[in-house]
Structures are given as C-alpha cells and as structure tokens.
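What TrEMBL records for 26-56, 77-98, 118-135, 142-163, 175-200, 221-250, 256-279, 300-320, 340-367, 379-400, 406-427 is transmembrane segment.
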Amino acid sequence: MIAGNVAWSGIAATDLLLVGRLGAEAVAAGALAINLFNALLIFGLGLVTAAAPLIASERGRRRHSVRDVRRTVHQTLRAAAFFVLPAWLILWHCEAILRAMGQEPDLAREAGHLMRGMQWALLPFLCFTTLRNFISALERPLWGLIIMLLAIPFNVLVGWALIFGHLGLPALGLLGAGIASTLSSTFLFLGLLTVILVDRRFRRYRLMGRFWTRDRDRQRAVWTLGLPIAITLGLEVTVFNASAFLMGLIDRESLAAHAVAIQIASLVFMVPMGIGQAATVRVGVAYGRADPAAIGRAGWLALIVGTGFAMAAALMLVLIPRPLVSIFLDVHDPANLATANLAVSFLAVAALFQLVDAAQAVGAGVLRGIQDTKVPMIFALFGYWIIGIGVGALLAFPMGLHGVGIWFGLAAGLGTVAILLIARWSLRDRLGLVLR
C-alpha cells in the first residue's frame, strides 16, 4: 500500500515534468485546472474508501464470504458513478469557474482546455481505487502496485505523444495532457480489472456478475460510511490550499518555499498514510470477528509503527534540510537563496508536523476499521480549520512570525486532531464503538 501511494506520486510527477516543457504559463494553467480537479477527486476518493472497512469487516465475519463482498464492490462502483455525474458538470465549466474566481482570462482558458481532456479521468480512477480497496481488503495489494508502476511509463509515452505531437498524433498541448491523464486512468482501471477477472484468487468473487442488481441497504452503508470520510479528506486538502493562500499574502518567496516544503512533507507522508490504510483492513477484519483484543493489537501496532517512522523522518528533516530542498531548487543560485532559506526554516517545523500528521493519519485509519467516521469528521473541522488556520493566521500576521507561523499553525491543527483521534481510539470500549 505504501509503495502504491509513492507510485501514484510518480505518475503525478511525470505529468508536471511534461507540462513544464510547454512553459511557465502552461504550468500555471495546469496548476489551476489540477487544483479544481483534485478538490472533486479527493471527495470521490473518500467516498469509495468506504469499501475497504466494509469488505474487511465482512471477511472478519465470514472468511470466505463472496456474495457480501461482491455486493459492497458493486454498490461502491455505483456510488462513484452517481458522484461523477454532477462532478463532470462542474468540471466542464472549469473556465467559467476560474474566471469567476478572478483568475486571468488567458490562464482560465488554457486551464479549461486541459480540463476538457482530463475531467473524464475521474470515473476510471475512482473505479480503479475501488478495485484497489477490494484487493487490499483481501490482503493482496501487490497487483495494485504493479499496475501503477506500469502506468508510469504508459503515462509518459502517451503524454509525450499527445502533448508534443509524436507517433503520428497531432500536438494538442494542454488538451493532450488532459487526454493522457484520462487514458492513464483508464489503463489503471482496465489493467486491475483484467487481473481480478483472470487471477483465480479474485475470480471466484465474480465481480462482473449481477452488477445491476439494486441493493439499497448496501448503497446506504457505503454513503453512510464514505460521506464523512470524503468530507474529512476535503477539509484536510482545503486547509493546505488555504495555507498556500496565506503564504501568498506574505510574499512570492514564502509561497515558493511553502510549495517545496509541502512537496517534501507529502512524499514522507505516503508511508504513514499507507500504514493507516493497512490498519483499516487489519482492524476491520478483527471488528468483523467481534474480537476486541485483536482490534486493539492491530490498532496500537499501526500507531506505534506509524509514529516510529515519523520520528525517523523528523530527524532527517532536522539534520539534512538543505540537501532535501536542493532536489527542487538550485540552492547555489543567488536568485533562489531567500526561497531556499525559508524552505529550510519551514522544514524545521515540519519535523514536528510529521509526527502529528502521522499520528492523525493512522488514528483516522484505525477508527475507520471500526467504522467510526462521523465524529472524526467533526474533529477534522475543529482541528484543521479552527485551530490550524486560526493559530497559523494569528502567528503569521499579528505576531509577525510570517511563514513559520503558518507552519506552526498547521502543526497545531494536526496535533489537535491526532490527540482527539487517539483519545477516541483509547476509549473505544467505553464509548461502545466495539461490540463484544
């Protein structure tokens, strides 16, 4: 699961490298389109994430359950289809939305071109994620990683051909980049679907059988569990968008340094995020068996491993911040000196940030395993926005800490959420979250 998260980062990185060859204006337009696309994608990913704890719980109740697992996959795919219809309508009007938000008309128009090709990637990627959650809940996530690794060169080849006009294809620029994203997402979905239909370990679930059968109870379960996860992820993503906006109010150097520091922190975060995903499955299986002791062992082990890794990562950020920044910036260029120094100072705070971010990510994962998502959503709203943005804005502007203050605010918000989630996990028996 961890490697799969890193592989997806590789796909996103190749997109950025290819678009970067079109020039700075193309990168800016691409960033606008991708931010809008990602806002809806993250919400959809939260919705289909419900499949993992539901399937894990079903396997805990009956190890060789086939029908219930198949029903959950079917209803999650249907939920994804219901979600993308209004999402596509929103993305189709990308240019108008960006203009209404005050973006430059030329950038909004170019972003609209990219979106016309990219918006169709939403459905196949959500379907791929649902199937990946299915095989992960069966504790066989390797095929998801293999397909994602194969998608990286596929994405590079198709993007190179469509953007720049190779292999007999027209040069479509940003529109070509969008089409390449859709084709790569379709490759992911069809590749994993083929494996599931061929591999005997998955074939017995007959995922293509009785697909159109209505199941209101299971559909309701997917939305009841998935909607709070979607809102929680949306709150987390938008708080980082808001922090970037606050950085932009300071100066360009702070905004650029923030982008570099966030990129480094995000890559490190892939590991605790993967641990949290694995914990959802392990805790979910024990929850389905109604085994409180196994639930506790799986959850606490995940928290220990996740925070242990974060401690090592925090030490790295403290000891070698400048070499890490040099991956993204030429630190020897005098023009980049101010940005590089700011990024180094942000990474010093990011050491604390990593500890609490890992704890809250794994904490959310273990609670999802026992199908507890509504109260964690409230924790996220309070911690991310009231504490995180509130403290960050207070430290940055009235107290004069500027960009470092915003990072301390983010750390405070994530720390608040982490404490609340772990406290709720510790009190799960008293709160009646685990049935004996």
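Residue numbering: from 1, along the chain as shown.
Cβ atoms here come from the backbone N, Cα and C positions, even for glycine.
Same-chain neighbours of the transmembrane segment (406-427): 239-240, 243, 246-247, 258, 261, 299, 303, 346, 349-350, 352-353, 356-357, 359-360, 363-364, 366-367, 372, 375-376, 379-380, 382-385, 387-396, 433, counting only residues six or more beyond its ends whose CB sits under 8 Å from a CB of the stretch. Looking at which of 77-98, 118-135, 175-200, 340-367, 379-400 has the most CB pairs under 8 Å to the transmembrane segment (26-56), the answer is the stretch 118-135. Each of 118-135, 142-163, 221-250, 340-367 was scored by its Cβ pairs under 8 Å to the transmembrane segment (256-279), and the highest score goes to 340-367.
Long-range contacts of the transmembrane segment (142-163) within its own chain (CB-CB distance under 8 A, at least 6 residues past either end) are made by residues 1, 3-4, 7-8, 10-11, 14-15, 18-19, 21-22, 128, 131-132, 135-136, 169, 171-174, 176-177, 179-181, 183-184, 187-188, 191-192, 195, 199.
Among the listed stretches 77-98, 118-135, 340-367, 379-400, the one sharing the most Cβ pairs under 8 Å with the transmembrane segment (221-250) is 379-400.
Taking Cβ pairs closer than 8 Å, the transmembrane segment (77-98) reaches residues 32-33, 36-37, 40, 43-44, 47-48, 50, 107-109, 111-112, 115-116, 119-120, 122-123, 126-127, 130, 211, 219, 222-223, 226 in its own chain, all 6 or more past its ends.
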